[in-house]
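Some features that TrEMBL has for this protein:
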type     : residues : note
DOMAIN   : 1-368    : domain 'Major facilitator superfamily (MFS) profile'
TRANSMEM : 21-39    : transmembrane segment
TRANSMEM : 78-103   : transmembrane segment
TRANSMEM : 109-128  : transmembrane segment
TRANSMEM : 170-188  : transmembrane segment
TRANSMEM : 208-229  : transmembrane segment
TRANSMEM : 249-271  : transmembrane segment
TRANSMEM : 277-299  : transmembrane segment
TRANSMEM : 320-337  : transmembrane segment
TRANSMEM : 343-362  : transmembrane segment
Amino acid sequence: MGLSPMVWGPLGQVYGRRWTQIVSAVLFFAFSIGTALAPNLVSFFIFRVLTAFQGTSFLIVGASCIGDIYRPTERATALGWFLSGTLIGPAFGPFIGGIIVTFRTWRDIFWLQTALAGVGTALVFFLLPETIHHKRSAELAGLKTAEKVHKLWQWTNPWRVVRLYRYPNLLIVGLASSSLVWNMYSLLTPIRYVLNPRFHLTSPIQSGLFYIAPGCGYLLGTFFGGRWADYVVKKYIRKRGQRVSEDRLRSCLVAMGVVIPGCMLVYGWSIEKEKGGIPLPVIVMFLQGVAQLFCFPSLNTYCLDVMQGRSSEVVAGNYMIRYLFAALGTATCLPAIEAIGVGWFSTISAGFLVISTLLTYATSVYGRGWRETIDEDRQEKKVRHAHRDAEK
């Protein structure tokens, strides 16, 4: 999931949103069947990797579709609904999975995934129109084969996505998104291992119930988070007389810098010190779920706004860095909790969020100047190269 955005982002720009989504949906469906039928652990891992590679296409190209359709002052509201699925899934998935493995075989989890993938594929094929205003592939008409290959490599080279991080504002927003995903996965991954012994739970269903709390928080936040981000944009348009992309980032500062870190500290230390019983962690997991939906629409919509012509690649870069951190958080949370305890690990997660918030605030103030400086430098380099070519 961390590497595949470098492929899907550029492809969505070159061949359009619709066919990129259709191809990835069909492959996701096929590899889900492979996972359900996997005869051994090696093949299981291979098919899981392949489904993960296709899965990020929906997140990247889907967000780009919203950027194509909605005006900047409406995008965050639409994106909030879109993102709720990506957050509610990881929250309710383990709960549903806990029910399935209690009464059925684990393979039924992936047959359910296959059925959902099949429905998604049909919906994309029959209901998703092409939303991009200009496919770059149209520029290939009339070119020789060698020229087509050269152009395609220029447009789809995965390094295009990585190079976007020469813009400090995109790097900082990527780190901010990563801090949220790190927090989400490091909270959700160890729930059973942390809460089962704390509350003497014995079955997957019992611990799976705890996933409902953040899931309900994500669902509630869907109704408000995106609207709040759009409201802040409109407020600063009235104040400045123009829209500045970085103003949107102000809408997530309190949720990301105060609410979620506070929830993580209360969650971690209440479990560590065995205080508050079951209600306290449930309440703070719910609150941080709501707060997440006040952050993601703001950060993701900024990626759509800031470089409209390359929105798919900017979103791809954001997902690339956030899922690398998600993988790191998922892999390290259990060993870290065993080594230093859930309290200190939650403190580290809270610190990551606070630092990301301070950097995001700096971006909201100085980001426009950073962008313009880099764009001016690039333009000057192009002019110098053009002069050299002319002299030759």
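Note that Cβ sites are derived from N, Cα and C of the backbone, with glycine treated the same way.
Sequence-distant neighbours of the transmembrane segment (109-128) (same chain, 6+ residues past either end, Cβ-Cβ under 8 Å): 17-18, 21-22, 25-26, 28-29, 32-33, 35-36, 51, 58, 65, 96-97, 100-101. Summarising model confidence by region, the domain 'Major facilitator superfamily (MFS) profile' (1-368) averages a pLDDT of 88.
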